[in-house]
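Participant: Here it is: the structure, laid out below.
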Ligand SMILES: Nc1ncnc2c1ncn2[C@@H]1O[C@H](COP(=O)(O)OP(=O)(O)OP(=O)(O)O)[C@@H](O)[C@H]1O
Ligand SMILES: [Mg+2]
């Protein structure tokens with residue numbers, strides 16, 4: 001009797017230890033960044049795992065730089081535009097791919113999937129030429145274009161899968177009610193596709209928000225930069241000083257909105273990602 | 001309200017013909033039921049009329065106007081789907097108002113029509129609910145309301161009751177019949193439940209493998225099936241078929257011989273047949289009499305089913321696998337294992353030629 005209770009206890013203990021390890025592994029870097037950002041620069045290199053003093057000077061420092069504020073604005077502009085364009089194109093494309101029968105539909109789907117497999121670096125130079133040709137160099141529009149290219153395949157693929165699962169008779173009922181394809185999409189399908197849209201939209205937002213390589217390559221001046229590049233380019237008083245405090249403060253500043261967004265949408269994301277796994 | 005005419009209508013999917021040369025006249029205000037076995041093309045034919053499928057060949061007219069190339073919304077048809085297909089994110093009211101809104105109807109008119117429809121279908125209490133908060137029968141009524149709200153000239157139903165349980169099905173069947181009396185609009189109804197077909201229809205269209213097998217009132221189809229297929233499809237339990245040979249016959253009547261029954265004088269016109277030809281005898285279970293018998297000609301009773309008000313007696317056939325069925329009112333004197341002779345009523349016997357076409361009753365007799 002007691003030995004059984006003991007094993008039960010050990011099992012439960014083991015479980016929580018495991019959870020603690022995973023949590024530590026996942027959260028510690030972020031936690032340490034938060035702590036570091038709240039330290040005055042003098043204490044930066046004394047190791048401590050607790051916030052001893054609330055020092056917001058790093059935050060004041062970065063927000064007093066107009067280029068950082070400008071970068072946040074650029075990032076918002078680019079990310080929101082990417083989400084909007086990707087969802088608009090994704091929904092219309094997924095209607096065509098998921099609902100309309102035409103020859104070569106599978107081929108189109110496979111090409112879309114194939115495109116999304118190229119690493120960014122592979123298309124960097126080609127894309128650079130395109131952006132130069134379109135006169136979008138050092139312009140947020142160039143970033144919007146290139147991020148959309150990389151986001152769209154995933155968006156289209158997920159939304160198409162979702163769209164295919166909506167019952168055929170629903171669309172036919174709309175047709176009988178006199179709905180055009182556009183009305184069917186916007187007034188019948190869209191309201192049913194929020195979970196999928198929240199998921200793909202959020203992932204597109206995160207990808208655009210965090211993207212570094214294109215942002216570095218396709219922009220030149222401070223006032224066109226996005227946040228990841230701006231953070232990387234924060235420089236200290238001298239060549240030999242890395243301003244860890246402001247860098248951490250900036251990182252925390254740009255990560256928190258993402259965390260909040262994910263929290264808000266987490267239920268939707270789960271239902272979006274598992275849609276179709278079981279009939280519901 | 002409108003008539004519907006199909007003239008040599010064909011539908012081909014890929015290279016497979018599904019609907020073959022269908023000619024059909026549906027009168028204004030008629031209730032027409034399409035029946036047939038699964039896969040015979042009932043839904044396809046309905047969808048051709050709705051405009052959800054394009055017509056490969058032939059002409060479809062509604063109220064005298066050819067509508068082959070008209071989109072569904074301009075045909076003035078409403079459709080009730082088997083799965084109901086209600087818009088899940090809209091309330092009952094919005095579901096019914098959607099089509100009217102898209103047609104840019106004035107707000108007051110929309111409200112009036114929806115309320116009127118809701119009153120007919122007893123949906124007034126449910127107008128603010130979403131479909132997921134409704135029972136099966138209520139969803140069914142909303143689906144009908146949505147189709148009716150736009151006041152279409154023709155209402156189409158594709159197996160609307162097949163998702164309901166038996167008692168609700170009977171209730172909804174009655175409601176649909178009353179609805180038809182009340183609205184007087186043309187209705188086309190697909191089902192493979194022949195009770196629904198018999199009870200609802202002014203006119204039944206029996207389809208088989210994409211062709212019209214026979215069109216007629218329920219009474220005509222029951223009394224004078226044109227083919228063996230129709231004879232076997234209409235009526236429950238199904239008609240008994242016995243192989244027979246023609247002994248003699250002319251245009252005034254004939255004599256046939258069937259295994260286990262012997263020779264039988266029938267009123268059918270066999271002027272086109274020759275003596276010795278193989279025919280099929282068809283007798284409905286309710287038109288068969290049993291008599292006690294013994295010997296080689298007798299049939300053995302293999303099962304007796306008691307249904308309360310009536311009794312089915314199953315007999316071992318002389319040829320083939322299908323058991324013969326006798327149906328009578330309860331109580332029944334027959335027991336399993338007894339040997340009986342079949343005594344068909346000659347006036348109620350159907351005769352089919354080698355091509356499974358029914359032979360007509362001689363005109364002289366038919367008049368008498
Ligand atoms: N879109 C389509 N493409 C190819 N074949 C089809 C299509 N729709 C229907 N068919 C075929 O047409 C035939 C008739 O189908 P239909 O749905 O009209 O049958 P049904 O009489 O309604 O049967 P059920 O009673 O099972 O509903 C079937 O063999 C089906 O496979
Ligand atoms: Mg069908």
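From the backbone N, Cα and C atoms, a Cβ is placed for every residue, glycine too.
Unlike curated entries, TrEMBL annotations are predicted automatically.
So TrEMBL lists the following for this protein:
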type	residues	note
TRANSMEM	A:12-34	transmembrane segment
TRANSMEM	A:72-96	transmembrane segment
DOMAIN	A:72-265	domain 'ABC transmembrane type-1'
TRANSMEM	A:108-128	transmembrane segment
TRANSMEM	A:140-159	transmembrane segment
TRANSMEM	A:188-209	transmembrane segment
TRANSMEM	A:244-265	transmembrane segment
Participant: Which residues, given as numbers and ranges, are at least 6 beyond the ends of the transmembrane segment (A:12-34) yet have a Cβ under 8 Å from it?
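Facilitator: Long-range Cβ neighbours of the transmembrane segment (A:12-34): 49, 248, 251-252, 255.
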Participant: Can you find at least 3 Cβ pairs under 8 Å between the transmembrane segment (A:188-209) and the transmembrane segment (A:72-96), where each pair is 6 or more residues apart in sequence?
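Facilitator: Contact criterion met.
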Participant: Going along the chain, which residues at least six beyond the ends of the transmembrane segment (A:108-128) come within the CB cut-off of under 8 Å?
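Facilitator: Counting only partners 6 or more residues beyond its ends, the transmembrane segment (A:108-128) has Cβ contacts under 8 Å with 97, 146, 149-150, 152-154, 156-157, 160, 213-214, 217-218.
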Participant: With a Cβ cut-off under 8 Å, give me the same-chain residues at least six positions beyond the ends of the transmembrane segment (A:140-159) that come close to it.
Facilitator: 74, 77-78, 81-82, 85-87, 89-91, 93-94, 97-98, 109, 112-113, 115-116, 120, 127, 130-131, 134, 193, 196-197, 199-200, 203-204, 207-208, 211, 214-215, 218-219, 224, 226, 272
